[in-house]
Structures are given as structure tokens and as C-alpha cells.
Amino acid sequence: MQRLLFPPLKALMGRQYLRLLARRAAPRAQCDCIRRPLGPGQYSTVSEVALQSGRGTVSLPSKAAERVVGRWLLVCSGTVAGAVILGGVTRLTESGLSMVDWHLIKEMKPPTSQEEWEAEFQRYQQFPEFKILNHDMTLAEFKFIWYMEYSHRMWGRLVGLAYILPAAYFWRKGWLSRGMKGRVLALCGLVCFQGLLGWYMVKSGLEEKPDTHDIPRVSQYRLAAHLGSALVLYCASLWTSLSLLLSPHNLPETRQLQRLRRFAHGTAGLVFLTALSGAFVAGLDAGLVYNSFPKMGESWIPEDLFTFSPILRNVFENPTMVQFDHRILGITSVTAITVLYFFSRRIPLPRRTKMAAMTLLALADLDEGIGN
């Protein structure tokens, strides 16, 4: 067909006009995204962004890149949840102070010979936990708590790599929008801060305190900060991933929907505060003060709630007050989640929103049952 048409066209129009016509008729590269007019400096596909920045073309269009980034952040949020769970197990087994040094690379290799294990055990014996609490511990018992803390630290390194290495790759490929770059930088920075905060917390339990013979433990303030930053990292990663993977619902902004949204935000803050109070309970071993529920001993309100001076110290340092506050916050959180569920039933919501409210209620009831 080209051989039949091109000679006459050349004769009638000339070569320059024919080249212009051929460029206009050339088919556009296929792309599974919808092009739409954007403002100055904005581009409809990732490949256009890469071309403007001088890095060449990118094979993935914007929607496909968003799905990849969303799945990556979803996996990252799962690794953070695993770190929180493993940290709780480490706390329950009282293993957190077994590793008395912190080296980013050096400590990745565990002891392999009997001599190395004995040297590690001798370092542990120089610190308050062994002298006061575990002075009769054997080497085999030490290996157990050491491996628990080692697993927690290595998992933390895995979390850091899961964030930083893919982030660098996606950044180089041009798969991150300008706004997403800021979020990813914040998440990677929070991961690094989380690791440093973990060692800062452990260090507080290794310090000598000549004026007390209490059981060595980490600072409850640092423990709460360590847990709180992990929860912020988890929620931010999960929220960002779901915003990329799930299409938003266009719901009418009714008064009921606005009230539901505000109540959901308040409930989320209440749950976060309850979790932080749990860190204070763990840091002070306050859960062992009273083992009866709903009463604390023989009373609804214990008499030793305000034994510390000034009064504000009781909220953070008095084990009785810390346990009392955690119970009140826990009951209030479960109540708020229950109200949120029934409130959501009265409003026409998407199916996945209803499923989320039902799952939240089930998890809250399960947690309350385990806690009691």
C-alpha cells in the first residue's frame, strides 16, 4: 500500500510535507493511563516526568507504578507490625538487656564458639540485671534470652532494609511523585530514628543505680517513645499504601458522615493513647500490682493512687496509678469502638468500610478478653 500511494504523494506534495504528515499520523505509544490536561509543571505519566528530568523513559505508567509502591508499603507495614509483636515477646521473656553493646554491622554475627559465648556472657555479668536479678543464670539460659534480643534487633535491620533499598530504587526509576517523595523520605527517616531510639531505650536499663536495689528495667518514658514511634510508622505506612491501592469513594458530605469521621479520628487517638499507657505498664511491671478485675484488690479505686509527690508523677511513675489509668483507657477504647460500629451501621457506607468497622470491633473485644 505504501509503495502504491507514496510515489504520487511525493509528486504532488513534495517530501517535506510528506514527512510532516507521516509524523502526525504516527501512532502514539500505548499507555494504560488516561491522559488529561494538567497545570504547568505537571505530567500525566511517570515516563513524562522522567523525560523532563533527563533520565530517559520509564516503562511503567503512573497507575502501575502507584500499585507497585502501594504493595511495597503494605509489606513494610507488615514488617513493622512483626517488629512490634517480636518486641512484646522480648519484653515478656525479659530478654531486652541481654545484649549490652550496639553495633550496626559487627553484632550481626552471633557467637559461634564456646569461647565467644563465654566472653559474651562475661560482658553481661558486668551489668545490673545479672548482678541483681539473674546472678544464678547459666550459660544455656543466657543463650535463650540473647537469641530473643538478637532476633528482635535483626528484624529491625530487616525493616530498615525493606524501607530504604526499595525507596532508593523507586526514586531512581522515577516512580515516586513529588508528594510521595516527601512521604517516603519521612518514613525512611522514622525507621532510622526508631533504631536509634531502641538503643537509647536499652541503654537506660544498663546504667548503674547505686541508690536503689530495684529490678533493673528500661525507662518507661523511653519504652513508650519507642512503641509510639513504631505505631506511627506502621499507621503512616499502611495509610499511604491503602491510599495508593484503593480507589476513594465519592460519598455525599452529610452531617452524619462528618460526625462519623470526627468520631473515628477521636477513637483512633484514644486507642493510640491506650497503647502508650500499656508501654508505661510494661516499663514499670505495673500489671503485677493488682491481678483482680474489675476491682483492684477489694476496692474500685485503690488507696495508693497518689503516694508520689508532686501529684503528676503518679500518672507516669506510680505503678498503681499507671495500671488504673490503663484499665480506664482500655475500657473507654472498647466502648468507643463499639459505639463507632453501631454508629456506622446507621449510615449507608461502602462494603469495605463496614467490614473494617466490624473487624475493628472483633479485635477490640478479643484484646479486652485477653487482657482480662
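Positions of Cβ are set from backbone N, Cα and C atoms, glycine also.
TrEMBL lists 72-92 (among others) with the feature transmembrane segment.
Taken from TrEMBL, the feature transmembrane segment covers 154-172 (among others).
Under 8 Å from some Cβ of the transmembrane segment (184-202) lie the Cβ atoms of residues 73, 76, 96-97, 99, 102, 153, 156-157, 159-160, 163-164, 167, 170-171, 176, 218-219, 222-223, 225-226, 229-230, 232-233, 236-237, 240, all in the same chain and six or more residues away from its ends. According to TrEMBL, the transmembrane segment annotation covers 184-202 (among others).
The transmembrane segment annotation in TrEMBL covers 222-246 (among others). Packing against the transmembrane segment (222-246) from elsewhere in the chain are residues 66-67, 69-74, 76-77, 80-81, 83-84, 87, 180, 183, 186-187, 190-191, 193-194, 197-198, 200-201, 204, 272, 275-276, 278-280, 282-283, 352: each is 6 or more residues past its ends and has a CB under 8 Å from a CB in it.
Per TrEMBL, the feature transmembrane segment maps to 267-290 (among others). Long-range neighbours of the transmembrane segment (267-290) within the same chain, counting only residues 6 or more positions beyond its ends whose Cβ lies under 8 Å from a Cβ of the stretch, are 91, 215, 217-221, 223-224, 226-228, 231, 296-297, 302, 316-317, 319-320, 322-323, 325-326, 329-330, 332-333, 336-337, 340.
Note on the transmembrane segment (326-344): residues 259-260, 263-264, 266-267, 270-271, 273-274, 277-278, 280-281, 286, 293-294, 296, 353-354, 357-358, 360-361, 364-365, 367-368, 371 of its chain, located 6 or more positions outside it, place their CB under 8 angstroms from a CB of the stretch. The transmembrane segment feature in TrEMBL is assigned to 326-344 (among others).
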Cβ contacts under 8 Å made by the transmembrane segment (154-172) with residues that lie 6+ beyond its boundaries: 65, 68-69, 72, 75-76, 79-80, 82-83, 86, 104, 108, 181, 184, 187-188, 191-192, 194-195, 198
